[in-house]
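Structure first, then comments.
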Amino acid sequence: MADQLSEEQIVEFREAFSLFDKDGDGSITTKELGTVMRSLGQNPTEAELQDMISEVDADSNGNIEFKEFLGLMARKLRDKDSEEELKEAFRVFDKDQNGFISAAELRHVMANIGERLTDEEVGEMISEADVDGDGQINYEEFVKCMMAKKRRKRIEEKREHDGGSRTKSAGPSAAPASKRGQKCVIL
């Protein structure tokens with residue numbers, strides 16, 4: 001994945017990484033990860049940082065090597081690139097273009113892709129993503145839902161690849177997926 005980065009990006013990331021690699025051993029602590037990323041213009045939440053650490057700190061030693069960091073940054077930039085895709089997906093669901101996905105719009109789109117849903121299933125899907133409780137999904141809620149789903153999928157893929165021997169760290173992402181948007185909607 002780091003092979004998707006330009007030489008210029010790698011140099012920039014190395015410089016930022018090196019600032020926090022106090023002893024020059026090629027690794028930073030997981031606690032420093034957020035600071036390094038913010039110095040590069042990223043603004044990860046604590047939950048995102050925990051998910052990222054779960055992805056790369058395979059030996060749970062609290063250190064992240066530069067190669068692992070490059071992989072994280074490449075994924076973060078790729079996620080940023082997919083913002084246009086998310087906007088387009090939201091427009092597909094938001095049939096009346098009012099900035100919200102209603103239960104009726106969700107049911108309509110899901111039916112068009114061959115997913116017949118009961119009223120209860122539609123209600124569950126809406127409530128999973130509906131942070132403000134207004135009964136609809138706005139764009140911000142849609143993006144959070146989709147990005148969280150992507151992160152969970154990457155973590156699950158890594159676990160399967162690693163043999164599933166690790167458990168999730170404590171924090172928001174430690175809740176069972178079924179309680180944290182597993183049905184989160186949509187794609």
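Numbers here mean position along the shown chain, with the first residue as 1.
The backbone N, Cα and C atoms fix where each Cβ goes, glycine too.
With Asp94, Asp96, Asn98 listed by Swiss-Prot as binding Ca(2+) 3, the candidate from Glu85, Glu105 annotated for that site turns out to be Glu105. Least packed by the Cβ count within 10 Å, out of the binding-site residues Asp59, Glu68, is Asp59. What surrounds the Ca(2+) 2 site, by Cβ distance within 8 Å of the Cβ centroid and not counting Asp57, Asp59, Asn61, Asn63, Glu68, is the set Ser27, Thr30, Val56, Ala58, Ser60, Gly62, Ile64, Glu65 from the same chain. In sequence order, Phe100, Ile126, Ala129, Val131, Gly133, Gly135, Ile137, Asn138 are the same-chain residues whose CB sits within 8 A of the CB centroid of Asp130, Asp132, Asp134, Gln136, Glu141, the residues recorded for Ca(2+) 4 being left out. The DSSP secondary structure for Glu141 (Ca(2+) 4 binding site) is helix.
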